[in-house]
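Per Swiss-Prot, the features are:
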TRANSMEM  45-65  transmembrane segment
TRANSMEM  100-120  transmembrane segment
TRANSMEM  131-151  transmembrane segment
TRANSMEM  165-185  transmembrane segment
TRANSMEM  197-217  transmembrane segment
TRANSMEM  247-267  transmembrane segment
TRANSMEM  324-344  transmembrane segment
TRANSMEM  461-481  transmembrane segment
TRANSMEM  549-569  transmembrane segment
BINDING   674, 675, 676, 677, 678, 679, 680, 681  ATP 1 binding site
MOD_RES   894  phosphoserine
TRANSMEM  976-996  transmembrane segment
DOMAIN    980-1260  domain 'ABC transmembrane type-1 2'
TRANSMEM  1015-1035  transmembrane segment
TRANSMEM  1238-1258  transmembrane segment
């Protein structure tokens, strides 16, 4: 570095003779540029020019303002618009203002002192010039100080733009002065022994001007104006916070506090004393909250006329350009000081070798090293923190924007993206962009950092650097190609992981059906297949990353070997300073080589995410113009559609419903009827504006309420679901419970209306969910009610009560559109709309439509056919002289209509010739009148939930340190302790080889070996050591990868096996989101992060040990400082980890509710929009986002709090070591050992931080192992197969079932649900099971399938006690059609025959019998036709028929029907019943039904009430006597009669 001795470094003159040095090898232009930037004379000229320009501009603006004020006073207009009495205001200042004032005053004082000093001490020739320079600078700084102080008086929220620009230029000039001063101190010029005034000024001014630079970027003055009404500055970024809130101290922290993370101290103190809980973590600062960011994002969204192609990217840049610029400045500051250490190695080596001009030079070197390391550490962690904070703000902004968009999407757009994909936009793409912020600047910083390194290496090694460039280029290309390969592998890995997660989610959602069908093995194998594909890509991905890591860790030693070989060949002298400066620069270059390719890939992924988000955010929204809505409109029409044609597809002109013309008057009840798939629900959707309007006009008068066919229940309390955001009105609330028949439910539920409803209403019966939905609608008191098949899931009595008390009672006077399959209610509606093939084919009153026949006649005929079964039973009772009647007077109905062949039988008379006795006029029945009224009322009015207690448990959360058992479990799962021992061995051996190479370099470059230096031996030995090092790092990397993969696969199989064989009660009490988080986030941590972190921790600690060994070996007094500082490190770790560990746990806990609420809202968006509750749901989303991000924010703060302190300790150890080296005599410490020690010590701060941080990181990630372990220890249900007790292959061969005193409770210490049930069912019998909602009907089926184990009694089927059988042997022998038809994503074939046991011929035969052959055959893919998630592209009726097809293929001897036809119309019901009667004539059938006709042709009927078998006999015999069943039949008949 010969150029450091140039005279122009200290010459204040601008003579050209100082510029060009003939001896220099640099070109003349480069020497001129160097002179202009680094010589004091041009620097002073530049500084004075900036000062003078600033003063002139300031003077110009002052004159202009003075003239303007004078003119205003002359015209008397200055105060004309001001109020006579101003509002009371108070001005306060934050730490930012105080810091700015202090800095400007200090700069002013220093400038004045230097001005006076220059006048009295400068030599005569330059006294005037020197004094004038400092005078101009002093005047400028004084003016700035006065200006800043006056900002408080004028209550200015932001600094003038002129001042902010000046501070930026002043920082640049001061940086040039500082660099020049450092070079001056390092030069060989004898004048460097004494400090110049310029050097002193620059060293003092540099940190101060850096502070002002940050202030200029922020823009805010820190002055806050508080009025009597509003406590917020007009335009300030400082937001005043309510004192009562537990707001993050970051909001009110001073500049110093933010700089050194002092604002984190109170929270860390709390966490150290006791484990943190949710309430102790402060909320976000107001400027960081989601609601403010959402408003900002919306205001910056490109206007339509801008025609932006990338609106999301454009908006994010507009919102956060200041934050992006600030992090860029921090990155540049870090880059400017990162190479100071390596440059100083040569100076230290020269100093200790005797080339010292004065003792003070050594102290100057230590001081420069200390300042450089401090700036590096501070800028690094401020960059990390602010980048993470920026990422957090972007994620928060995107989540709220995506959520708001999700509430506006059309049905077609929502289906195109899919609920799962929309959730991925929020969970994956937003996170991708957030994570990108840490790597954003690496893309343009990497070329600068490498270029700086090459320049330094060239000045050190000369032409030998060519080999370095070639080697680095080769490594860079290898890493780039490897990273691209990793990206491909990662993409495939994510795709396969998504498939595995989708299959897992599907399994969890429909676990009850899977257990009923004994498909656990099938789904286990299915998920394992997805996992095997995922594991294949995971292995490729991890081994590829291991290859990149090998190259990165080998870079310093590999490039050093190439470079030194070239240097020796070219005859370059290698001394200690040159060698260790080179190796240190190579170590620093590891970072950009590592980060740049990944940054490029991350940028590419971010651009893909932005493209996906652009497509989503630009998706079509529901048009407000689709429906004309008006409040308090004139006229009698409440709902009207004229010439309406509607499509579900925004781009398709093919209508789903067309030629719609109808109107419903205010207060009318209009029923919409039709067969399955006729368009009834679509008609309601068109009224709500949910469909794409192709033509026509839709008009709705007033507010709307909507009750969906498929219940949408929120995860919350019953009360929350009913209130739906409205305040509690107790009298109205109680009345709503009454009319919706929920009073008894509230009484029985353990917590009443505060009972928590599980995910998707899992702890409620179908009827309870439907009634809660209805109660929610009724409580809203809307004008127009759209009810979609609300009676399908409730029994006859409950349905009648709801119709009378609610529909015709509480909602009387409201306009109601009721979709229903219950023909019974149609007598009492004002208008009936009959639909077929997407059109309204008939419209009118009941009498009119019945007389016309056609479609409505067919519906009534189907209903009448089913009623004949009821009346036939009644006729039998009549024939036995047992008259049936009711205390209620019955109406006779006589309808005249022409009889036609095959027309429905609709004529009713009062003649006793008719066998339909239940429809005759009232007559007293002595036996029925003797029936206990209380028992009837209790039976008819009871709605006992089968399990009303709080099912959803709080998530288990460990506190304190992760136990040693968790570490032991992970470490020993694959190969016992030997696995971890090998990891440590390879790490220690590799580090030892690196130390050997460095010791060899020190030995060969020592002064005593200068004469006997043998280049061949030097290179040969170094290359051998380098090769050994590379082999060891290969072994370590690949072994850690293998160990991690094996352990991850073991854990996955354990948790999958545990889940598949978990009892149903586990899934009832555990939300699927909680399970999925284990299968996704926690499994990913075990798959990828933990293995490499363990390897890295071992490496970091062995590296740290090597640094301490080398440092203490040559600067042994340092050990006295290392011991206390080491203890301080350990204390900091424990202090930090206590809070960080809990924050990580809380982050996991608060993240799931954000995802759950997002997906829940998208699933129920029709309901939300119908009630106009979008603002309430957006607010809830914001609340959950803030709750989660506050954990993220404070966790990031704690990370940088720790990192800054640990790296600072490392820097102090380094500087203390360097101080001892310069203090020790040169005959005690050798120059080569100084170089070796410094080359190790320069990385001490980083290694120390990463060693501690990664160990904390592992502990946080070990929480994932802890959480997985919780689910691998789930108590399993009974054995899957019992070899000693296998039933015969043809079992059950008769179908005889005997229950002996069977008792069932769902969980210990809960009431019995079945209370001693004893019944006997003969083979081939058809048993109908009836009872009120929650009476225990479904529990009966569950205990027969052993989804819940009996608490007492026996169940004998064909002579075998089912509790002695394996679960698979039991369940696989039964057939069941569940209440809710479940289809899995896939094809028709995979749904009807999941286990692939049957031929295509058998499948087609089954489809033909269940009336679906024509539907499937009409599709191009036939049996491979697509079935969407949950069968959404198939109607409810078609889904039920497919479920019937499964049972027909299975041909089980015992068949269970669990309200299988509750959601279909009478025609479809009749068809299903006919198929079952014909195809299962010799089978035992147990049918649970709400529809009485379904059980009237059964051999026997079981009446269950409150868990007891109250009646069990044939329908005729039960009707012959005073029975509960008779009362139920009578109730149903009365309802059908329209009473």
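Positions of Cβ are set from backbone N, Cα and C atoms, glycine also.
Just so you know, the Cβ of residue 678 (ATP 1 binding site) picks up 23 other Cβ atoms within 10 Å once every protein chain is counted.
Annotation for the binding-site residues 674, 677: lowest Cβ count within 10 Å of the residue's own Cβ, 677.
At the 8 Å Cβ threshold, with sequence separation of at least 6, the transmembrane segment (461-481) comes into contact with the transmembrane segment (549-569) through 3 or more pairs. When Cβ-Cβ distances below 8 Å are used as the criterion, the transmembrane segment (324-344) is approached by residues 175, 182, 186, 210, 213-214, 217-218, 317, 365, 368-369, 372-373, 375-376, 379-380, 382-383, 386-387, 390, 437, 440-441, 445, 448-449, 452-453, 456, 581, 584-585, 588, 1238, 1242 of the same chain, each at least six residues removed from its ends. Here the binding-site residues are 675, 676, 679, 680, 681, and the one with the most other Cβ atoms within 10 Å of its Cβ is 680. For the transmembrane segment (549-569), the neighbouring stretch richest in Cβ pairs under 8 Å, chosen from 45-65, 131-151, 165-185, 976-996, 1015-1035, is 1015-1035. Counting residues 6+ beyond its ends, the transmembrane segment (131-151) has Cβ neighbours under 8 Å at 44, 47-48, 51-52, 54-55, 58, 97, 100-101, 104-105, 107-108, 111-112, 114-115, 118-119, 122, 159-160, 163, 166, 197, 221, 223 in the same chain. Outside the transmembrane segment (45-65) by six or more residues, the chain places 14, 133, 136-137, 139-140, 143, 147, 162, 166, 169-170, 173, 176-177 with a CB less than 8 A from a CB of the stretch. Using a cut-off of 8 Å between Cβ atoms, the transmembrane segment (976-996) and the transmembrane segment (165-185) share fewer than three residue pairs, counting only pairs 6 or more apart in sequence.
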